[in-house]
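One structure is given below, encoded as structure tokens.
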Amino acid sequence: MTSLLFLVLISVCWAEPHPDNSSLEHERIIHIQEQNGPRLLVVAEQAKIFSQRGGNVTLPCKFYHEHTSTAGSGTHKIRVKWTKLTSDYLKEVDVFVAMGHHRKSYGKYQGRVFLRESSENDASLIITNIMLEDYGRYKCEVIEGLEDDTAVVALNLEGVVFPYSPRLGRYNLNFHEGQQACLDQDSIIASFDQLYDAWRSGLDWCNAGWLSDGSVQYPITKPREPCGGKNTVPGVRNYGFWDKEKSRYDVFCFTSNFNGRFYYLIHPTKLTYDEAVQACLKDGAQIAKVGQMFAAWKLLGYDRCDAGWLADGSVRYPISRPRKRCSPNEAAVRFVGFPDKKHKLYGVYCFRAYN
């Protein structure tokens, strides 16, 4: 193959001086101009964008030609395609496609995404009513004729990561059950980047949990014997990738702010679990979920020393101001346990969604 390419290059060099090859030479000149002509460039002005659940966000993307100031050549229609990259980097989820007057959005993005188009070369994507699932990396691809280029933008959400294990106890969730457990608690399974950011903010948890890429990891800020040893370096410990069906661990969930009110229900008596559910309903609300408590605690500074029922049957209370008898050493969501639903009596935390 190398020798063949060498012979082709020699024939091109010898062909140019001969007048008999004028037509061939003209074709070659056109080819050279094509190679040296305007090259399509796609640029994201910011590589990372921050937002929060329920908000609107613009993912920046513009396209240019390297040797001109114009947006396009005018000979081909511009096709803009936005996709979301998955954690395994092998699959992409279609988000939005535009070509001429044609527009199409996909899946959960339908009715929530459109191009900003503030100028001829603006392919920026606006996403409205941000969902937890929107977190991740997005690819902007622009195609014009035979030319194309891409740029990648990361959408980060303000929120909180929390460890979760079910009533059955530690290490009882396979990957898919972990995903569902997070969804049931108004959250999604956390990514490694989200867990890493939480670790940098002080999250310390000795139980290993699933992450969205299928890995099992846990964050340690205070090395100790049961968690890798006293002399190990603080960090996010990685157990590697395990069988998503058979392997069982805890899970790390991620949640963000909410459109509603989280509160402790003032009630004349303590309640069983079923009574707590009915008390919230009578107050025009639902019994609160674990993710809603974590979001209220972390993002709103919610502080209450009263233990109360939550939707999963656990009893917890959020402390943002450590004090005697109420988490004296650290701000945290304190976990009491999964008491007997029929006989144990506690308060209750409710959540009322705003319309």
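Positions of Cβ are set from backbone N, Cα and C atoms, glycine also.
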Please work out, from what TrEMBL records, which of CYS280, CYS326 forms the disulfide with CYS305.
CYS326
Where among the disulfide-bonded residues CYS206, CYS227 do you find the Cβ with the fewest other Cβ atoms within 10 Å?
CYS206
DSSP helix, strand and coil counts for the domain 'Link' (260-352)?
21 helix, 30 strand, 42 coil
CYS305 (disulfide bond) has how many other Cβ neighbours within 10 Å of its own Cβ?
14
Taking 10 A as the limit, how many CB atoms besides its own sit near the CB of CYS326 (disulfide bond)?
15
